[in-house]
Amino acid sequence: MEPLAILALLSLPICSAYPLHGAVTQGHPSMDLAQQYLEKYYNFKKNEKQIFKRKDSSPVVKKIQEMQKFLGLEMTGKLDSNTMELMHKPRCGVPDVGGFSTFPGSPKWRKSHITYRIVNYTPDLPRQSVDSAIEKALKVWEEVTPLTFSRISEGEADIMISFAVGEHGDFYPFDGPGQSLAHAYPPGPGFYGDVHFDDDEKWTLAPSGTNLFLVAAHELGHSLGLFHSDKKESLMYPVYRFSTSPANFHLSQDDIEGIQSLYGAGPSSDATVVPVLSVSPRPETPDKCDPALSFDSVSTLRGEVLFFKDRYFWRRSHWNPEPEFHLISAFWPTLPSDLDAAYEAHNTDSVLIFKGSQFWAVRGNEVQAGYPKGIHTLGFPPTVKKIDAAVFEKEKKKTYFFVGDKYWRFDETRHVMDKGFPRQITDDFPGIEPQVDAVLHEFGFFYFFRGSSQFEFDPNARTVTHILKSNSWLLC
């Protein structure tokens, strides 16, 4: 997902109609809202030089049309009253873009019996009413799959359900009443599968306020692995609306086909199981102990080591050697996947992340303002189109950039490339063959990753001391 948790939606005044051709200018509140909405839910990449061109082909027009198509609006490409009205409605914050009805990689529970725990309660409803709403929301999915659910009262469940306000420890703070209602994570270990409700909402079991049963059933669909649907009748349609009470509620055929593509039909279900061949091919979730596993890039981050692969990364720390597995978008929603290179710049407490001719700076879970920037701002010649690997040597305060069979050295103190570079990799790192996938500097050694192998290089002896599997860092 692509986050896979909900991102905040800012609420701004509605205006009747704001076509892009002349009526909306940069800084107009409706344009600001539209830009924020498209960035969060439609993967819109801000480009100051292009956003406000008054042409039908401008990126913002195309993204507005994409949003209008997905949400079932007339594709005007303009911020008309219907579009603005929908942007202001409460909704789920999982992005709407995506090629499939399930999350990328099709994460799902690898078992049929799933536990859940209600960690705390909203003051808006009696505890037994909350218990009943959650139970009925799970029953919706249980009726059409082989899945069963049971509640536990202590310890860690597969799905941890809680109510919170504002900052609540997962990088996605809630935004107050009437906007983002809740968020959920796809199946997996740790916080994956969990559901968080914004307790600033007025939770009810009625058409007024925000109906807990309907929101819970939607979010639990995410917890089971479903993405958003563009069908308005679907429970997984992203915009909130009250439809009916639990007693009269039935999943749409779109919801049934989506969940059964992951788990199959339940023994008593009359619904049609989606044939495997009808589902578009999906990228595989990488297995950390696959003997052929390679990494896109590797970096340290505040005492941890991050291993990036496709849209995922493993996170290993000295105090917790068991690697954690995450989606890149769960921590940095605006970063691309399939990264080229990454390294930690200790002097700025940031990690620089490279893809193609651009790079981003992240500090903690925040992408820094003013990025992405072009790699040529670092001093590379125009002939360099991308970086293969990068690593920071803390003792010398130098960063090494590897491109093809050459490498550059960057002075992090003076912020310039050192003179005399590029140099041949094999001249200064004997035994290291180009092209390098990733480099890590730990324990006084350089670790060069190439395919499924890594080469431990001693810079003092100028020799390769060990050849290991790339995933040996992941306890494989």
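Including glycine, each Cβ sits where the backbone N, Cα and C put it.
Marked as Zn(2+) binding site by Swiss-Prot on the basis of similarity to another entry: Cys92. Here Swiss-Prot flags His168, Asp170, His183, His196 as Zn(2+) 1 binding site, drawing on similarity to another entry. According to Swiss-Prot, the feature Zn(2+) 2 binding site maps to His218, His222, His228. According to Swiss-Prot, the feature repeat 'Hemopexin 1' maps to 286-335. Positions annotated as repeat 'Hemopexin 2' by Swiss-Prot: 336-382. Sequence annotations record features per position, and here Swiss-Prot assigns repeat 'Hemopexin 3' to 384-432. Here Swiss-Prot flags 433-476 as repeat 'Hemopexin 4'. What Swiss-Prot lists as motif 'Cysteine switch' is 90-97, and the listing cites similarity to another entry.
Here the features listed in Swiss-Prot are painted onto the structure.
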residue	record	Cβ within 10 Å
Cys92	Zn(2+) binding site	25
His168	Zn(2+) 1 binding site	15
Asp170	Zn(2+) 1 binding site	16
His183	Zn(2+) 1 binding site	24
His196	Zn(2+) 1 binding site	24
His218	Zn(2+) 2 binding site	27
His222	Zn(2+) 2 binding site	26
His228	Zn(2+) 2 binding site	27
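Here is what falls inside 10 Å of the CA of His183 (Zn(2+) 1 binding site) among the binding-site residues Cys92, His222, His228: Cys92, His222. The binding-site residues recorded for this entry are Cys92, His168, Asp170, His196, and the Cα of Cys92 lies nearest to that of His228 (Zn(2+) 2 binding site).
Put simply, the residue listed as 'Zn(2+) binding site' is 17 Å from His168 (Zn(2+) 1 binding site) when counted between their Cα atoms.
If you take the Cα of Cys92 (Zn(2+) binding site) and the Cα of His218 (Zn(2+) 2 binding site), they are about 9 angstrom apart, rounded to a whole number.
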